[in-house]
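J.: One structure, pasted below without further comment.
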Amino acid sequence: MKVLVTGGSGYIGSHTCVQLLQRGHEVVILDNLCNSKRRILPVIERLGGKEATFIEGDIRNEARMTEILHDHAIEAVIHFAGLKAVGESVAKPLEYYDNNVTGTLKLVSAMRAAGVKNFIFSSSATVYGDQPKIPYVES
């Protein structure tokens, strides 16, 4: 399967890319590198055992996202391109809203335009706040 991983050069995204590559999937990594480094890409490929395509870009650019999804014949999107620092989100709420909410909506709109129907969204355990017991209970 041809999979686009947004935020794919971040910590969780890069580990996901390695697993996808090891299982024979074709991986396209999209990242704006605001919280990651380009130097992780050769590591992803070495551990994954094959090459991945890297595109530096932003999920908020809907026209470019539609083009990427179409041009690379993407079949599924795994979305990790969210800002997650709790303290910073309080200091910069509009920036976080723009990236996390507006960006995700633009990504989904681009997916609809390109006919991509498979979507996995990753959140953060921080949405549960400080819990006294692990594992967290979601009910």
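Backbone N, Cα and C atoms are what each Cβ position is placed from, and that goes for glycine too.
Pulled from Swiss-Prot, these are the listed features:
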- TYR136: active site, proton acceptor (ACT_SITE)
- 11-12, 31-36, 58-59, 80-84, ASN99, SER124: NAD(+) binding site (BINDING)
- SER124: substrate binding site (BINDING)
J.: Sorted by position, what residues of the same chain at least six away from GLY82 (NAD(+) binding site) have a C-beta under 8 A from it?
T.: GLY7, ASN99, ASN100, GLY103, THR104, SER122, SER123, SER124
J.: Provide the three-state secondary structure of ASN99 (NAD(+) binding site) computed with DSSP.
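T.: ASN99 (NAD(+) binding site) sits in a helix per DSSP.
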J.: Identify, in sequence order, the residues in the chain of ASN32 (NAD(+) binding site) that are 6 or more apart from it along the sequence and have a CB within less than 8 Å of its CB; answer 'none' if there are none.
T.: GLU56, GLY57, ASP58, ALA81
J.: Using the alpha carbons only, what distance in Å do you get between TYR136 (active site, proton acceptor) and TYR11 (NAD(+) binding site) once rounded?
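T.: Between the alpha carbons of TYR136 (active site, proton acceptor) and TYR11 (NAD(+) binding site) there are 21 Å.
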J.: Around TYR11 (NAD(+) binding site), how many other CB atoms lie within 10 A of its CB?
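T.: A count of 12.
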J.: Within 10 Å of its Cβ, which one of these binding-site residues (ASN35, ASN99, SER124) has the largest number of other Cβ atoms?
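T.: Highest number of other Cβ atoms within 10 Å: ASN99.
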J.: Judged by the number of other CB atoms within 10 angstroms, which among ILE59, TYR136 is the least packed of the recorded positions?
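T.: Least crowded of the recorded positions ILE59, TYR136, by Cβ count within 10 Å, is TYR136.
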J.: DSSP on SER124 (substrate binding site), three-state: which is it?
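T.: Its secondary structure by DSSP: coil.
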